[in-house]
Amino acid sequence: MAEQQLGVLKALDVAKTQLYHFTAIVIAGMGFFTDAYDLFCVSLVTKLLGRLYYFNPLSEKPGTLPPHVAAAVNGVALCGTLAGQLFFGWLGDKLGRKKVYGITLIMMIVCSVASGLSLGSSAKGVMTTLCFFRFWLGFGIGGDYPLSATIMSEYANKKTRGAFIAAVFAMQGVGILAGGFVALAVSTIFDKKFPAPTYAVNRALSTPPQADYIWRIIVMFGALPAAMTYYWRMKMPETARYTALVAKNIKQATQDMSKVLQVELEMEERAEDPRLNYGLFSKEFLRRHGLPLLGCTSTWFLLDIAFYSQNLFQKDIFSAIGWIPKADTMNAIHEVFKIARAQTLIALCSTVPGYWFTVAFIDIIGRFAIQLMGFFMMTVFMFAIAFPYNHWIKPDNRIGFVIMYSLTFFFANFGPNATTFIVPAEIFPARLRSTCHGISAATGKAGAIVGAFGFLYAAQSQDPKKTDAGYPPGIGVKNSLIMLGVINFVGMLFTFLVPEPKGKSLEELSGETEVEK
């Protein structure tokens, strides 16, 4: 076998890092910014929704969302994302990255705004329309996963490709922070304008009617950055790898990249090897890419179980450290402020640095090492929190608890949370790349659904008297954490199925350069 790569693709592989790389990071990253903002901002306002729409004047505690409503509001976007990843991943290989990229962005903008305009004043009306639009918002967000990763990996040079895809993914952290800052700003302004007594002092007045605007503004704000990048998204040319290898238009690819790279590229024609035209369900695909695909899907699935269950322990942790006081000692607006403050602090200290550590080190130590180390450290810290769990929840040991908790999620982001997103965009052939990334991402989201809901029930106390309202007894937080530790350990084992793409061209990784001598 002689290794031959198209000149235009070789030019992309050896191109120096220049302005268009950063433009691509910003354009692809803004989609991710919106994704993270939209998916995470809802956790900031669920308590407020409970106070607004499920207020019971006779209750000692402020209103909360009933379990099935809370599950729907949080989970419906995840279900939409899973469906969107599969559908748009497939579509991105059929119609081209660029066309589909515009569609997903418009969906995200329209549904962001629509979910903030949820109709009706009754609890049922608002929650139903909110869930409806959040499902379609998730569907658009789902499309952004395979497309952002694929576009960035196909535009990047081979030396710094990992860091570029990681930088797109790191915009998730920026989105989470933005969600926190917007909530802090909005709640502060409303608090100044509409002061209210605490719930314990006056139940009815503790939630001013104007508070209904707070969650709507927070939810709708996510559409702004996406709308700002729409024009640039549409101006970006289709990736050369799609044009040359999938659409078979080498001439067009060469012209597009000559403009982008600002160099003259020579035209070339290429006879194609029919044996490289195997489909997703063929024996040939199974032989070449079966195990790597299993590696990508299984590790992403296992990681997301652990990653999305973090939100369950957040509220216990925040209450335990005293960052969020008891609900009846606050009014509705203060509660939004306190929750946003707590989440922003955790994001600033543990989540966000992890993403950028990956950007800095991924092309030095490689994907495999980062993923293996991340799973290993998560296993260690989960067990270190779980076994002496009763020790950590004592008031004197709170700070240690928060540090352990932060380190777990630092190593998720400087670890498998980033690498599971990067590798599927590098190791599959161009005509199946977006589909395979979509499949891997969707398996991950299935894990997220297990993490967010399975553990919501599992983490309930074994004592029926101590469970949250409306939940059956579970296995308790301690046993849940032990299970999560085991899940991370299994993720570490499955990592051995994932190849190392560092420093190789995409065509070399996917076997697309193989032509008979």
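Glycine is treated like the rest: Cβ placed from N, Cα and C.
Automatic, uncurated: that is what TrEMBL annotation is.
Taken from TrEMBL, the feature domain 'Major facilitator superfamily (MFS) profile' covers 24-503.
Positions annotated as transmembrane segment by TrEMBL: 20-45 (among others). Proximity of distant same-chain residues to the transmembrane segment (20-45), defined by a Cβ-Cβ separation under 8 Å and at least 6 residues beyond the stretch ends, is recorded for 73-74, 77-78, 81, 101, 104-105, 108, 112, 134, 137-138, 141, 144-145, 147-148, 151-152, 155-157, 160, 164, 167-176, 178-180, 182-183, 214-215, 218-219, 221-223, 225-226, 228-229, 232-233, 236, 260-261, 311, 336, 339-340, 343.
For 65-88 (among others), the entry in TrEMBL reads transmembrane segment.
Residues or ranges marked as transmembrane segment in TrEMBL: 100-119 (among others).
Residues or ranges marked as transmembrane segment by TrEMBL: 163-190 (among others).
Look at TrEMBL and you will find 213-232 (among others) tagged as transmembrane segment.
Residues 162-163, 166-167, 169-170, 172-174, 176-177, 180-181, 184, 314, 323, 370, 405-407, 409-415, 417-419, 422, 502 of the same chain lie 6+ residues outside the transmembrane segment (344-362) yet bring a C-beta within less than 8 angstroms of a C-beta in it. Taken from TrEMBL, the feature transmembrane segment applies to 344-362 (among others).
For 368-387 (among others), the entry in TrEMBL reads transmembrane segment. If you look at the transmembrane segment (368-387), the same-chain residues 6 or more away from its ends with a CB under 8 A from one of its CBs are 299, 303, 306, 358, 361-362, 401, 404-405, 407-408, 411-412, 414-420, 423, 478-479, 481-482, 484-485, 488-489, 491-492, 495, 498-500.
Annotation source TrEMBL lists transmembrane segment at 399-418 (among others).
Tertiary proximity for the transmembrane segment (438-459) is limited to same-chain residues at least six positions away from its ends with a CB under 8 Å from its CB atoms, namely 71, 74-75, 78-79, 81-83, 85-90, 92, 142, 145-146, 293, 296-298, 300-309, 311-313, 420-421, 424, 471-472, 474-477, 479-480, 483-484. The transmembrane segment feature in TrEMBL is assigned to 438-459 (among others).
Annotation source TrEMBL lists transmembrane segment at 480-498 (among others).
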* Do the transmembrane segment (100-119) and the transmembrane segment (399-418) share at least 3 Cβ pairs closer than 8 Å, excluding pairs fewer than 6 residues apart in sequence? -> no
* Asked: If you average pLDDT over the domain 'Major facilitator superfamily (MFS) profile' (24-503), what do you get?
  -> 89
* In terms of Cβ proximity under 8 Å, which residues at least six beyond the ends of the transmembrane segment (65-88) contact it? -> 38-39, 42-43, 46, 49-50, 53-54, 100, 103-104, 127, 130-131, 134-147, 308, 434, 438-439, 441-442, 445-446, 448-449, 452-453, 456, 468-471
